[in-house]
Amino acid sequence: MSWQAYVDDHLMCDIEGHEGHRLTAAAIVGQDGSVWAQSATFPQFKPEEMNGIMTDFNEPGHLAPTGLHLGGTKYMVIQGEAGAVIRGKKGSGGITIKKTGQALVFGIYEEPVTPGKCNMVVERLGDYLLEQGL
């Protein structure tokens, strides 16, 4: 399966039990910042934004004082899983980032999608990729 198919079929799909509800943007990005696949709506990010995200995975809490920035949008960092998942909130939406062995899986959402549903979609694919050694 291509990386784009993972984004299209597993991240940007209707959320289980909620027909028509889906993430607003998603991507799979290598830990070096190279985009493997992304939705058309995924924001163009700056290298320093990706560096900040990678630093937070290696030094949990790094982004808490400044917030998580992606494509110029600032998210307030909320409880995640140290070294594995970063979660952010902005207004009625937010972001979930799951780290795998080689990549980062991004999901961005707005209401009516809930933080929990975004976490489920992103982390399920991230866990699958981890199981595959990716």
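For all residues, glycine too, the Cβ spot is worked out from N, Cα and C.
Feature annotations, reproduced from Swiss-Prot:
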DISULFID  Cys13-Cys118  disulfide bond
MOTIF     84-100  motif 'Involved in PIP2 interaction'
MOD_RES   Thr114  phosphothreonine
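A map of Swiss-Prot features onto the structure.
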residue: Cys13; record: disulfide bond; Cβ contacts under 8 Å, 6 or more apart: Arg22
residue: Thr114; record: phosphothreonine; Cβ contacts under 8 Å, 6 or more apart: none
residue: Cys118; record: disulfide bond; Cβ contacts under 8 Å, 6 or more apart: Leu23, Gly94, Ile95, Thr96, Gly107, Ile108, Tyr109
Residue distribution over DSSP helix, strand and coil in the motif 'Involved in PIP2 interaction' (84-100): 0 helix, 13 strand, 4 coil
Cys118 (disulfide bond) in three-state DSSP notation: helix
